[in-house]
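Taken straight from TrEMBL:
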| type | residues | note |
| --- | --- | --- |
| DOMAIN | 60-169 | domain 'AB hydrolase-1' |
| REGION | 256-459 | region 'Disordered' |
| COMPBIAS | 261-334 | compositional bias 'Basic and acidic residues' |
| COMPBIAS | 347-392 | compositional bias 'Basic and acidic residues' |
| COMPBIAS | 393-402 | compositional bias 'Acidic residues' |
| COMPBIAS | 403-432 | compositional bias 'Basic and acidic residues' |
| COMPBIAS | 434-444 | compositional bias 'Acidic residues' |
Amino acid sequence: MTDLRRSVLDVHGRRSGLGSSSKLDYTPIRWSEYFDSEETIITSSGNFHVYSKGHEGPILLCLHGGGYSGLTWALFAAEMFKVIHCQIKAVDLRGHGNTHTDNDYDLALDRMTYDIVQVGNALAAKSNSPIILVGHSMGGAVAVESAYQIPSVVGLCVIDVVEGTAMDALSSMQRADRLILKAFLMLSSGVLKGGQTHNLEAARVSMPGQIVNMKTNKLAADECEEIDMDSIDLASSNSKTLSASSFTLTEVIEEVDESQEVDKNPEAVKKLEAGKQREADLKREADKKRDADSKRDADKKREMDKKREADKKQEGGKKKEVDKKRKVDKKQESDETSDANTENTEDESKTQKPDKKREADKKQKVGKKRETGKKLDDKKADKKQEVAKKLDSEEDMDDVEVDDKQEIDDKQETADKQEADDKQEVDDKQETVDTSEDTEDDASEQNGDQKPQPYYKPDMTPEERIAIACSSNYACRKPPLPVSSGSSSSFKIPTNVSKVDEGPQYTWRIDLSKTEKFWTGWFKGLSHKFLELRVPKILLLANIHGLDTALTVGQMQGKFQLQVLAKSGHAIHEDQPHNVAEILSGYLVKQKLAKPKADFVHSLPAC
């Protein structure tokens, strides 16, 4: 058994929140069991939802990780409130829980920092209290950045986020995000299969803040008292898993009920082997998908390169054509210029003719003018003669008009006769069509067929009747579509269909895969910014191997306190809320940032 598997299963005792009974209760728990109230802080970016507990002492402003909500701090808030005087404010970050902003998928670090600065300043001004920032994973990066910009910050606690390991884990975050469930049939299924914590009680209160009803788009945490949910029997299922979220840096593990004798129990060994096999299958599938994606990307790149080369060749060809055309245009312009010069030369030569030729031309033009005048006089005389003849013929106009009227009357009579003949021909055709239809109808009735009859309007012309009778539906004997008696034109859904499985009812509040472009910005330069802060600070890790070089040197120089909580997943504050509260409360009392209560027990710092 690996050290990781042994630490997670805890062979020396059961994990927190899991009972010995095979029947476990996965019904969600209302947030009011752990917090006193909820409030909304209105900022320029939107409305930020905050869960609150306590009314005096410093403000512990808790910032959750990606995909979680303010309810992830529920058990931690209850434990902290037992031992020190404090006000716990758990914020739903942008795109999470009941917070609604102008752009829920803009999870850039500077954007979320600006949100928390506004929320923190509003809370500090309202209660006139100092602020201690507590951040987990993505929320830890936001807490470090915000600590530089909120004047009332006096302390900082970062949980399980280190620049080096976080940057290395980005690829596994992408792979794990593709493997997690995207929807849940019931709210209790989300608690069972959400898999972001090893503490069942923490999952029951935290998961409803991370999923929404797909029909109402309402946060599941607001429906806990409205839905009747039964507990789920693990014994009725072959396999139940509590898998890691996309931000968990530990591997997906198989839940074993009898963990104290896991090495000796054959059934437990079989279950572990089956879990290993499933993990191997999932890994192979992920590798295949990654290989397919890389191959597809390579093919796309090759296609883009080919297209780019083709475009370059095409551009080169176009450029050659343009150059060629430009040369032709230049040559044409030069030819036109030379022609113009030639014409100018000819004009100049013409102007230099001798004066004698010019005088001869003038005489010739004068002679032509005289001849034209004579012709005009002759034309005028001819017109006068024509007018005289016309006056003589006016006396015969009456006889011409009578002849024309008689000719028009004859033409009109001929047209009327032709129209009557055409109408008679159309009526004969209609009678022939009706007779043939009657004959066909009689034959079809004898054979048991029913042919649809055409519908004629009273004001239809014979041409329109013939067109309907010869249409495709009747000439080709194609009956119209059958219409059942009493049926309506609209389709009716059967009412006797029984309701079966309606499919998934819940899905994640935010699809983190759509925010992948911001992931690198969360963690880049985080270690340096954490070390440069001039406030008391503490770092809680689930694994000592996650510490990078810069933080190791800084811890040796005493720049911050380090605490490692083994046997935990990524969500340390959910897996071990009591231990996290004990360590953090002890640190705050030691730094004189908070006052202890009667139940406070000071714990010794350790790595």
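Numbering starts at 1 and runs along the chain as it is shown here.
Note that Cβ sites are derived from N, Cα and C of the backbone, with glycine treated the same way.
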The DSSP breakdown of the domain 'AB hydrolase-1' (60-169) into helix, strand and coil residues is 49 helix, 26 strand, 35 coil
Over the domain 'AB hydrolase-1' (60-169), what is the model's average pLDDT? 95
How do the residues of the compositional bias 'Basic and acidic residues' (261-334) split into helix, strand and coil according to DSSP? 69 helix, 0 strand, 5 coil
